[in-house]
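Remarks on the structure that follows.
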Amino acid sequence: MGKNVVVLGTQWGDEGKGKIVDLLTDKAKYVVRYQGGHNAGHTLVIDGEKTVLHLIPSGVLRDNVKCLIGNGVVLCPKALMTEITMLEAKGVPVRERLLISDACPLILPYHNALDVAREVARGNKAIGTTGRGIGPAYEDKVARRGLRVGDLFCAETFAAKLKEIVEYHNFSLVNYYKVEPVNYEEVLADALAVADTIKKMTADISEILDQARIAGESIMFEGAQGTLLDIDHGTYPYVTSSNTTAGGVATGCGVGPRHLDYILGITKAYTTRVGSGPFPTELDDEVGNHLGTVGHEFGATTGRERRCGWFDAVAMHRAIQVNSVTGFCLTKLDVLDGLETLKICTGYKTEAGDIITVPPTAAEGYDKITPVYEEMPGWTESTVGATSVDVLPENALAYIKRIEEITGIPVDIISTGPDRVETIIKVNPFL
């Protein structure tokens, strides 16, 4: 029998999910995206060649894998075609490997315009969105006025629905945000120009997954962003607009939650965050600079510099709790090479002097807390490219063991570099 494995981020995104998905897909028949949109940035390095994917599942580079985009993903037609063109230029037959739910909400130019206009209007209270229209597209979905992939396939009906929604959003753009309206005719023409191409790749994703399960195939569900950016469980309001947690798998592609066998939580050996929002262990010193420089901490989607800090076991408590994490994949262990002392945040100290080990539920709760650290010795030896725990420095092994002890979750996979071969697999989730 096959296994259904969920790969998701347990921090604020950028944990290295793309590499791990690509690595493990040699055991999977299907790779499924179930939430988010082209705000994701999954970087794959294979034989030294880097590929950055934003929308298409990371398994697309494997010729034995079918890639599915579930209904929980908001889909930008322009971004999809750009990514297809990029991959085809590399010789990847994307259209043979990709299937898309016709229930995916569409991201159209007015969503981008709204996203950018709102961030500008917020000023120094900006959330730090990618400006790619993700949030406004999810808003339209919840308000039941959004257009979906399936709407593209009837031009007359699509045109009528589009006209109504463009007028609705243009009113806000012009009268409230004082920016230029989007052009209805241009939006219509651009959308219909790719309708036939997209139609050839649409399918009933829920049915495909159910039949695959019955046939005993192995399926991987690829998360985007990270748990602490979840719309419900993250550091609200500094969050994304979808459910990035394991529960999003069931709703985002129509698979029953009872059929999920293993939840692999991807976590860096330290912590990073892009954009605004609470970050208790953030470092503004030489160590923070070391993590950012050695770890190449720049967003794959936006190019923005990531904020860096120590491993936060308190925030991780929430991620483990809401995801039922089975095992960790600890990434970027090699970035810690050369640091004399390492720290793990094991608690937050409140203004009253109490130590809490469960994080606040909203951003405001972080305003008056300070991290409590446990110190450990670092190591001078290189871990870059290690493929066996036997070659890891003693202090690196002690650091990993301490993370396991504090969190209660085993570290089943360790990443020691960007290439898929630079990995230590102690336990393969599919075996």
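Heads up, the Cβ atoms here are built off N, Cα and C, so glycines get one too.
These features come from Swiss-Prot:
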| type | residues | note |
| --- | --- | --- |
| ACT_SITE | ASP14 | active site, proton acceptor |
| ACT_SITE | HIS42 | active site, proton donor |
| BINDING | 13-19, 41-43, ARG306, 332-334, 415-417 | GTP binding site |
| BINDING | ASP14, GLY41 | Mg(2+) binding site |
| BINDING | ASP14, GLU15, GLY16, LYS17, ASN39, ALA40, GLY41, HIS42, THR130, ARG144, GLN225, THR240, ARG304 | IMP binding site |
| BINDING | ALA300, THR301, THR302, GLY303, ARG304, GLU305, ARG306 | substrate binding site |
Reduced to three states, what secondary structure does DSSP give THR43 (GTP binding site)?
strand
Where among the binding-site residues ASN39, THR43, THR416 do you find the Cβ with the fewest other Cβ atoms within 10 Å?
THR43
One should report the C-alpha separation between THR416 (GTP binding site) and ASN39 (IMP binding site), rounded to whole angstrom, as 26
The most crowded of the binding-site residues THR130, GLN225, judged by neighbouring Cβ atoms within 10 Å of its own Cβ, is GLN225
Taking Cα atoms as reference points, which of the binding-site residues GLY13, GLY41, THR43, GLU305, LEU333 is nearest to THR130 (IMP binding site)?
GLY41
Candidate nearest GLY13 (GTP binding site) in space, where candidates are the binding-site residues GLY41, GLN225, GLY303, ARG304 and distance is Cα-Cα
GLN225
CB neighbours of LYS19 (GTP binding site) within 10 A?
25
